[in-house]
Amino acid sequence: MRDSPGSKSSSERWHDTMAVSDPTAEGKDESSAKTSGFWALTLGSVGVVFGDIGTSPLYAFREAVDHAAQEGAVTPAIVLGVLSLILWSLFIVVTAKYVLLLLRADNNGEGGTLSLMALGQRALGRRSLLLLALGVVGASMFIGDSMITPAISVLSAVEGLKLAAPRLQDYVVPLTLVILVMLFAVQSRGTARVASAFAPVMALWFLTIAVLGVLHIHEDPHVLLAVNPWYAIHFLLNHGLLGLVIMGLVFLSVTGGEALYADLGHFGRKPIQVAWFCLVLPSLLLNYFGQGALILAHPEAIENTFYRLAPAPLILPLVILATAATVIASQAVITGAYSLIRQGVQLGLLPRFEVRYTSETHAGQIYLPRVNLLLLIGVLLLVLLFRTSSGLASAYGIAVSTTMVADGIMGFVVVWKLWNWHPAAAAALVVPLVVVDMMFFSANLLKLFDGAWVPLLFGIAMVVLIWTWRRGVAILIKKTRRTEVPLLDLIQSLEKRPPHIVKGTAVFLTSDPNFVPTALLHNLKHNKVLHEHNVILTIETAQTPRVGPAERVRMENISEKFSTVSLRFGFMESPNVPKALAIARKLGWQFDIMSTSFFVSRRSLKASAQSGMPAWQDKLFIALSRSANDAIDYFQIPTGRVVEVGTQVII
């Protein structure tokens, strides 16, 4: 926890009470603390950010070369072409676009597709339907990717058993299913206890794959010629449509690149950049070059080039390490999906899903039961449907490439509008990157009927859910607005003919403070009473990840008995009404929680033929509304102080 400005840390206060310290020594201690903290973040990013892209060597190079050979001989031209494509894809897509460009496009320190969408809309100064569509599509495809990443990663690691113990070949799929079920089962307990081991394990993984690559490069040093981009260009020119197909498989080497930006808020730009340039990128390149040299020297190794890098006695330990690395990579993707869904809820794109906190000290450690169950079902179905990592490789990539295209276009808006670049300069920087993304997207479309339809289907389902929810909410607001009463009109009416006044404070939750909350109208109509203090409470979501205490609360007295309070939360925050109201007390709002009642409206929806949506969408919206988490729980309001008022609304 950071100390407030002007305050002293515990170590500084200790020194003040014991002795007068040497200023030079204090400066060195502070510098040392900053340095150690920086390297801790750098190591931490290795354990969380790079799991997906770090496990790509298990299958990416093998699949690309195998398809390029088309059951023929593996030639040096194929190996050098594929290696060059992988190397320059890592340079352009991951290094240039994400590590050097988008990591600078932070939304108050946060990254990710929805964060970039909010940043772009803020830069434009208005809500853009194009940016909203890009954000929704990009986020939805990330959810589709969240299902396929654990499946292909764990399955490709366990497949090493075929080499270590051939008799266990029939147990690869069952063992993969067991590992995945266990992974999703422990989510409800949180990962704080084991998260500290993620970074050392992944650091060991990257060092291991680097060493394995180095040990084989000497078998054919000519693979280093792949640094020349001409080999990539020559390969594409000479292979026509097949070259585009291979690009779809080469893309497997950069999947996970989008995670660098999504995890920006957890570690910061510099630690991620240092980890990438100093450890991750060199390790990946050395391993890919090692696999290339191995295939040129031993073409039969194409069966499983990654595990063939290791001496026979070390294959089983490597399988264990690879499985651990893929589980960590899967964990990072699952956590990212939770975070993305919560952001979507806060931004009004999805209904309120139940959120459980698995750590008392880290607000980001969350668990979403329904999301976890849906992800588990999707992952298990993928494993059972495709059964091999080679089969899943055909399905992998379409969702990630869609997200990357969306990120690129939104990145252009940020560079142009927020950074105030000339449109031509912004286009010169971003358009080439987007063109490369579009090439990969086109290449992955060729895999549509080979399995890419599966994650695409998951992504489209998410788009439909978001579209239905937003459309339904808009229709609901429009219909209820017809019967709502302006708040000022009611106050004037009550001043002329006051009802019976009871002691205490009533807090009415509403989405629009200009109109009378339904719960207040029902209280007056049925109970015929009015509290001596009435607060119209609205909860807003800012276009920034977090909101400082100074911007959290806005209060306004409307009359002697009525006031409005607006609470603002960032889209990365968990709304906590009692804590926010504690800030309001410091600002002068006098209230006693024990004499305060919270009035919440609960709507029961029924469809009508004139709703404006098809019947299937009406039913879907009503189902989503019923499945939404209770507002009382979501906003963490004390249940003992809540009065719920039920109303029926025909949409």
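Cβ atoms are placed via backbone N, Cα and C, with glycine included.
Quick look at what Swiss-Prot lists:
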- 1-31: region 'Disordered' (REGION)
- 1-16: compositional bias 'Basic and acidic residues' (COMPBIAS)
- 38-58: transmembrane segment (TRANSMEM)
- 74-94: transmembrane segment (TRANSMEM)
- 129-149: transmembrane segment (TRANSMEM)
- 168-188: transmembrane segment (TRANSMEM)
- 197-217: transmembrane segment (TRANSMEM)
- 232-252: transmembrane segment (TRANSMEM)
- 276-296: transmembrane segment (TRANSMEM)
- 309-329: transmembrane segment (TRANSMEM)
- 366-386: transmembrane segment (TRANSMEM)
- 396-416: transmembrane segment (TRANSMEM)
- 423-443: transmembrane segment (TRANSMEM)
- 448-468: transmembrane segment (TRANSMEM)
Any chance you could find the range in 38-58, 168-188, 197-217, 396-416 with the most Cβ pairs under 8 Å to the transmembrane segment (309-329)?
197-217
Any chance the transmembrane segment (74-94) and the transmembrane segment (448-468) have 3 or more Cβ pairs under 8 A, given the pairs are 6 or more apart in sequence?
no
Top stretch among 129-149, 232-252, 276-296, 366-386 for CB pairs under 8 A with the transmembrane segment (197-217)?
276-296
Of the stretches 129-149, 232-252, 276-296, 366-386, 396-416, which racks up the most C-beta pairs under 8 Å with the transmembrane segment (448-468)?
129-149
How about the transmembrane segment (129-149) and the transmembrane segment (396-416): do they have 3 or more C-beta pairs under 8 A, pairs 6 or more apart in sequence?
yes
Any contact between the transmembrane segment (276-296) and the transmembrane segment (396-416)? By contact I mean 3+ C-beta pairs closer than 8 Å, pairs at least 6 apart along the chain.
no
Suppose I define contact as three or more CB-CB distances under 8 A, residues 6 or more apart in sequence; do the transmembrane segment (396-416) and the transmembrane segment (423-443) meet it?
yes
